[in-house]
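Working notes for the structure below.
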Amino acid sequence: MSQLINRIRLPRAFRPPAQINAEEGTNGHPETNRGKTAPKEAEDGKEKSQQSDMQPVGFWHPDLRQVRNRAVVKWIITTAFLMAFILAVLSLYWAVFFKVENRLSHLLVYVVDMDGAAPYDNTGNAPFVGPTITQLVQQQLSSGQPTLGWGVRPGSDFNNDPIQVRQAVYNWDAWAAIIINPNASALLYSAIANGNASYDPLGACQLIYQDARDDTNWFDFMFPIISQFMTQAQSMVGQQWAQMAMQRASDPAVLSNIQNAPQAINPAIGFSEFNLRPFYPYTGIPAVSIGLIYLIIISFFSFSFYMPIHMQYLKPENHPPLKFPQLIIWRWCATISAYFMLSLAYSFVSMAFQINFWHTNSITSETQVTNMMEGNPVAYGSGTFVVYWMLNFFGMIALGLACENVAMVVGMPWMGLFLIFWVITNVSTSFYDIEIAPGFYRWGYAWPLHSIVEGSRSILFDLHSRIGLDFGILIAWGAVNTLFFPLCCWFMRWKTQHNIHEYWPLD
């Protein structure tokens with residue numbers, strides 16, 4: 001094994017003088033050629049003298065014709081390759097949003113009609129708020145225009161209990177839910193029958209959502225459509241109710257009651273909004289999105305920073321070289337240890353900017369709105385930071401070991417292109433919901449950054465947890481790359497021994 005180690009041909013700047021002397025027949029000085037004959041020394045000396053006497057010439061000098069031709073050909077090939085790479089890889093990002101409006105129907109929004117449910121089923125008046133809103137839903141679905149995946153559900157599916165609908169939204173059964181309360185129509189009838197001045201239109205319907213699940217998805221795609229829907233629903237119900245109320249206004253008592261409760265006519269109904277898990281504080285944005293790009297970059301560049309340290313074991317300067325299998329073990333252990341500390345530093349950044357990691361929110365119920373004044377509602381109490389750190393640690397292992405293996409196989413400058421590919425494919429499938437991406441992107445559920453983003457949101461905002469699955473995917477990536485790690489190390493050594501060029505050779 002030691003003989004194999006000694007055969008490794010490192011760049012001259014990294015080879016010890018003894019090895020240079022043995023290979024080149026010198027005493028460590030390139031100008032000394034003791035292994036050459038006198039005529040050969042004279043000939044080499046003449047060549048060096050001629051080279052040193054060469055003066056710089058212009059770009060179009062005849063002696064540079066072959067150099068120009070080679071340079072132009074290589075430039076054309078390199079540029080064509082980079083253009084093809086840009087078109088292929090960057091298209092993966094743009095394609096996520098291609099005709100996204102046609103896939104908004106994948107975002108399920110419940111419309112749950114409980115209007116007229118017990119104990120409001122014996123008032124003598126037929127419910128109309130719920131049927132009017134569900135009719136609007138059917139109009140939206142049959143319009144042929146891009147819209148959300150409205151799903152009309154009877155209240156009986158949830159035992160006519162709005163809390164069960166909230167639980168379904170928290171459990172990610174739907175992205176949001178519109179609930180028509182059991183007393184929506186009954187309260188309107190009562191308001192004009194009794195002159196209820198305290199009638200509150202917002203008591204008719206509810207909008208349930210949690211924007212911390214995916215704030216980009218919610219505000220860019222969902223909320224504009226839902227907001228427009230609620231406005232249309234208010235208008236339809238208001239017009240229908242105004243006609244019904246005016247028919248009863250011939251009774252002076254009813255007219256007096258309407259005057260006492262004008263809000264029962266306009267706006268008649270409203271929507272109380274319940275954001276179960278608000279996205280707050282806003283310094284959490286980099287922690288679950290753009291900041292994670294730097295986790296990939298840190299994992300990638302650790303290869304360049306640590307490789308010179310590892311190679312010291314192969315430079316026999318006043319010490320024997322390390323056996324190659326043990327060098328592989330050292331490299332793996334040192335790399336994982338580096339990720340352990342670097343992920344801690346990365347996690348400290350979020351703590352430094354006052355993202356809550358310690359204090360449990362006073363609202364712990366999954367169906368109640370958490371208190372924003374207390375910061376983000378952490379999922380694991382005082383242990384949240386450790387869980388967050390471990391997620392970033394295993395995320396760096398998943399992302400970084402893949403970079404290490406590819407860097408050893410392809411070398412420079414191709415490893416830079418892999419970084420672009422690695423960032424684009426991970427960002428495309430993690431920062432934006434895969435449900436509204438083309439079906440091609442379903443592989444993104446297995447990509448490392450998707451699990452890191454999902455796990456981070458769950459930890460920091462106490463969302464529905466799939467933390468076991470997230471850690472499992474990251475550990476699987478680390479395990480597979482660990483299996484390939486020794487093979488990639490051996491391949492890199494083979495390239496060095498055989499002087500393999502990954503890029504244009506200097507000829």
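The backbone N, Cα and C atoms fix where each Cβ goes, and this holds for glycine too.
Here's what TrEMBL has on this protein:
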- 16-56: region 'Disordered' (REGION)
- 31-50: compositional bias 'Basic and acidic residues' (COMPBIAS)
- 75-96: transmembrane segment (TRANSMEM)
- 81-483: domain 'DUF3533' (DOMAIN)
- 285-307: transmembrane segment (TRANSMEM)
- 328-358: transmembrane segment (TRANSMEM)
- 378-399: transmembrane segment (TRANSMEM)
- 406-424: transmembrane segment (TRANSMEM)
- 471-492: transmembrane segment (TRANSMEM)
(Q) Can you tell me which recorded stretch out of 75-96, 285-307, 378-399, 406-424, 471-492 has the most Cβ pairs within less than 8 Å of the transmembrane segment (328-358)? (A) 378-399
Q) Counting only residues 6+ away from its ends, which parts of the chain sit with a Cβ under 8 Å from the transmembrane segment (75-96)? A) 417, 420-421, 424-425, 427-429, 432, 437-438, 440-441, 504
Q | Recorded stretch that, among 285-307, 406-424, 471-492, has the most CB pairs under 8 Å to the transmembrane segment (378-399) | A | 471-492
